[in-house]
Amino acid sequence: MSYMSKLYRLPAAICLAAAISVSTASVSFAQQEISPEHLATARQYVDMSDRSNVYELALIELGMAVMRTLVQQDAALVEPLPDAVQKVVEEYSARKGELYNQFARIYASRFTHEELTEIVTFYESDVGQKLLAQNPGINNDMQNVLNIWEQNARTEFLSRVRAVLREEGYDV
């Protein structure tokens with residue numbers, strides 16, 4: 001089997017591996033008993049660490065994507081769409097707790113109640129509060145650095161692949 005045929009099969013293999021890991025994780029989450037106190041401490045951490053309002057940002061992005069899709073299908077919807085999307089965003093906003101409870105269950109399955117208590121205690125400290133406050137800006141700065149790196153790597157990678165192909169006698 002050639003390298004390229006393996007490369008073409010890579011996305012399918014990744015999807016299969018992801019499906020298996022998700023199903024395995026789901027089974028392990030379901031099998032593990034988590035006390036209400038343990039889950040509450042995990043949820044406390046989830047609530048503390050959401051300084052960038054991940055759920056709200058995801059809803060806004062989802063709403064914008066739906067608006068783009070529907071306007072492309074029917075331009076006459078431009079006017080009523082913002083109100084309709086806002087109503088649905090409000091409906092989903094009320095369900096934030098459901099998602100965050102799932103996040104808490106993930107933390108509770110990976111950390112003991114005692115470990116989560118230590119984590120929460122740290123985040124309640126002055127340095128923990130500073131870390132929580134600074135994380136959104138730090139994450140934004142890191143994303144900007146990553147974007148620049150990706151752009152440079154994309155150009156360099158393309159040049160390197162072309163050079164390798166030329167070395168192998170291909171005209172690119």
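Backbone N, Cα and C atoms are what each Cβ position is placed from, and that goes for glycine too.
Per TrEMBL, signal peptide is recorded for 1-30. The feature domain 'DUF2059' is assigned by TrEMBL to 101-149.
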Seminar exercise, completed: For the domain 'DUF2059' (101-149), the averaged pLDDT of the predicted model is 96
Seminar exercise, completed: Helix, strand and coil residue totals from DSSP for the domain 'DUF2059' (101-149) stand at 46 helix, 0 strand, 3 coil
